[in-house]
């Protein structure tokens, strides 16, 4: 299959993409050390913070598929440049946010803040289909590094210098990431350039017609909803249920980052080389259901540190496998659009997650979030298992 980038240069570009992704995730987790505490200072309660998260989800839900198509049409460099510039503006608006309305306004640039999907597009374009899951799983190392560095750095900066300085530091860091994009990322990584308009919704939804895509998307959305609720509510859970201060929260996130690096760097790649995507998808959903059951009985930080090991494994495996299955199902010229749609699934979860999570947390307590995850993922596990058994029976016949 013809590539737009010569083989000797692919490895160099992929390593540059890994660095760009690691830095962007660093700045993302850095702002996680700012937003919830700034929101609390400005008078936000759990419900209004949920509304803030919902706004972000809605904005990115609209922007994700269009941004993916934008990347397919105009190339990796232009797409990543737009995403990085938007991140700089995001942090500058956060730095001057001194009113509840400004917290909502500073979220507007997130419509274009899709650095990670753009990086995944480049990796998918430059890797062979049989090695794609492993290449995408290496992004987890970047995620782990960013989680550790961003959370620790954000906690220290916020504690010692305040929210405004931390936000300005994020803006400076995002500017550096932008310079790396302009230096190392080629104009395009596609074998051929699509010519369809970026706003052609039919061309985006056309991808759903490829075999297996719709089913995988439904599984990704339904099974991902409960864990998505937990993720968007985690900052509130850390503050109110676990009673963590900014610096303590930074240390906890650093611990999660280390787990992420170990799991995606040393475990998932080996499993994807030995087992089929469908088997690993079934495994991840099954473990996720058991994690939900354990979360329902969570009492303190020590227990959370134990539960989070299988949680991170199932979440990482689920995201890598579903993204890999979906990008393998479409032509290489559409990988950006497909990853944009994958991103929109996460945005959808962030849209409904805060509202559902806030309702469950306020009315039924923290344990209800884990209970919902157990029930939903067990149902999806039963569906996948039954489908796998039926397929095996058909092959024998």
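A Cβ is built for glycine as well, from the same backbone N, Cα and C atoms used for every other residue.
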Q: Select from 40-58, 135-153 the stretch of residues annotated by TrEMBL as transmembrane segment.
A: 135-153
Q.
Please identify the range among 195-216, 217-238 that TrEMBL labels transmembrane segment.
A. 217-238
Q: Identify the transmembrane segment range according to TrEMBL, selecting from 74-97, 338-361.
A: 74-97
Q. Over the domain 'Major facilitator superfamily (MFS) profile' (10-394), what is the model's average pLDDT?
A. 84
Q. Between the stretches 103-123, 165-185, 217-238, 250-268, which one has more Cβ pairs under 8 Å with the transmembrane segment (12-34) than any other?
A. 165-185
Q | Stretch among 74-97, 103-123, 280-298 sharing the most Cβ pairs under 8 Å with the transmembrane segment (165-185) | A | 74-97
**Q.** Tertiary contacts of the transmembrane segment (217-238), as residues 6+ beyond its ends and Cβ separation under 8 Å
**A.** 32, 35-36, 46, 49-50, 53, 57, 208, 244, 249, 252, 281, 285, 288, 292, 295, 311, 314-315, 318, 322, 326, 341-342, 345-346, 348-350, 352-354, 356-358, 360-361, 366, 369-370, 372-373, 376-377, 380, 383-384
Q) Do we see three or more Cβ pairs under 8 Å linking the transmembrane segment (280-298) and the transmembrane segment (366-385), pairs being at least 6 apart in sequence? A) yes
